[in-house]
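Student: Structure below; questions to follow.
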Amino acid sequence: MRGAARLGRPGRSCLPGARGLRAPPPPPLLLLLALLPLLPAPGAAAAPAPRPPELQSASAGPSVSLYLSEDEVRRLIGLDAELYYVRNDLISHYALSFSLLVPSETNFLHFTWHAKSKVEYKLGFQVDNVLAMDMPQVNISVQGEVPRTLSVFRVELSCTGKVDSEVMILMQLNLTVNSSKNFTVLNFKRRKMCYKKLEEVKTSALDKNTSRTIYDPVHAAPTTSTRVFYISVGVCCAVIFLVAIILAVLHLHSMKRIELDDSISASSSSQGLSQPSTQTTQYLRADTPNNATPITSYPTLRIEKNDLRSVTLLEAKGKVKDIAISRERITLKDVLQEGTFGRIFHGILIDEKDPNKEKQAFVKTVKDQASEIQVTMMLTESCKLRGLHHRNLLPITHVCIEEGEKPMVILPYMNWGNLKLFLRQCKLVEANNPQAISQQDLVHMAIQIACGMSYLARREVIHKDLAARNCVIDDTLQVKITDNALSRDLFPMDYHCLGDNENRPVRWMALESLVNNEFSSASDVWAFGVTLWELMTLGQTPYVDIDPFEMAAYLKDGYRIAQPINCPDELFAVMACCWALDPEERPKFQQLVQCLTEFHAALGAYV
């Protein structure tokens, strides 16, 4: 297939040296992504990965292997995998560079190793806080020969219990082949949190005849520390009870609020933005998507085709009747976007209690030639985020459904408008402007979108049409996710009918959504990966050269959109994680938030 490149066999794990990953990873996603091998450059077939360095030997290789067994990896980080540090003399520097966090309750580490010929070793340890942890102990000699048969040695990491501290442990293993002067040094990094032990209250004493008295906890008088403890518990319970009542009242109050305060400034400014390099759309066949597994399975929703069209206009109006306002409170100004039958206006909303107070708003409406089905779909799809409150969501606040008037949907105003149009404007602006949108800004936008989607996932709300076209932005670069009402009309090139009389965002959809019409938070994660790609390309259309009818087969074969120009490997790895064929192998939105936040902080360190 033209314009396509491959990244090896699909279905392999992102974790180097790991096989058969199934269970969810508890460590942060960025730590797993840090172990990813470098991805190939866009538009080129993946070159063979550079061969890892081998153990130095003057003759045939000694075939040394050292790894963590599947049981050990599962015990430490919850993955069903073997983690190799050395496999048949090949050293995995990705695995060695990872500072593994040891659970605080774990005191022993087990390493599996063997060699086919004579290899001498020397073992040493360093601890950065000897007050918190004793020097590690091993159940083998610190110097000797690597066993010729498969063996396991144990390292004991015991805390002293004297102080609270995170301890950094370095285990250094020197391997020498055939007693030569050449040797290989392997450094294993571990982290463990040690805690201070609570002193036990001594309750036994000797009587005058040196006989031991028996302590009776039932009849013994309470000590001062015991009384203080129970008083503290009582005070804490009372405080928690009061806080719970206050939170419940605030929650009920917020749920009753219909009108959201909109403090967005009315002034807009044109920010100078740089023009990125143009690129030809290319595609990759990626094995990287099959990586970070989620903590739990995703709830799946099967959507029947044309289910929105089964709702009548009367029913749609009935669902929004409680937030309906008078048409007189809305003043329409400029047309921001216009399609075949739909429009989005910049409007002014007059306050119900004080006519002198005005707020800016988005107003979605339809033209006179709009059909009843189109009007119904606008009202129904506008309710997707209704009643949800999050700083990165933009739900509707009011509607106008008066008889004889075309329905209007009102949303809070964001003065830089639609995110996709904003990104494309960034591409068109010349590079000589004083200000330019940075890669760090784009990552910050992605974090905000991931935060909003994480909130939806916790509320078990499936968006089903996440894309840059369904987000808005203001002059502070705050991004909010909106519904997809009128998107089919305003962005017709992003939707395609595959013979079922239903326009769908084919290029943003996961394979299970395309083939089986199944939607879940996992399919939203897939769409987020495409949205992240949109951000990094400043609004380009994904898979633009692929026939929509061939998308399902294309994705099933393992092909994905190529890495954007100037997109860091780590960021493209995040996208690739979102495009795993198996929904269970895609990361959770909360993992994506954490990963992108860490990456954003790393970018800031270089600015």
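Keep in mind that glycine also has a Cβ here, set from the backbone N, Cα and C atoms.
Pulled from Swiss-Prot, these are the listed features:
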SIGNAL    1-25  signal peptide
REGION    1-20  region 'Disordered'
TOPO_DOM  26-227  topological domain 'Extracellular'
DISULFID  CYS159-CYS194  disulfide bond
COMPBIAS  266-282  compositional bias 'Low complexity'
REGION    266-290  region 'Disordered'
Student: Can you give me the same-chain residues 6 or more apart in sequence from CYS194 (disulfide bond) with a CB-CB distance under 8 Å?
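Tutor: Non-local contacts for CYS194 (disulfide bond): SER104, ASN129, ALA132, MET133, CYS159, THR160, GLY161, VAL163, ASP164, SER165, GLU166, VAL167.
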Student: So for CYS159 (disulfide bond), how many other CB atoms are inside 10 Å of its CB?
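Tutor: If we count other Cβ atoms within 10 Å of CYS159 (disulfide bond), we arrive at 21.
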Student: Let me know the model's mean pLDDT on the topological domain 'Extracellular' (26-227).
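Tutor: A mean pLDDT of 75 is what the predicted model shows over the topological domain 'Extracellular' (26-227).
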Student: What does DSSP say about CYS194 (disulfide bond): helix, strand or coil?
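Tutor: DSSP call for CYS194 (disulfide bond): strand.
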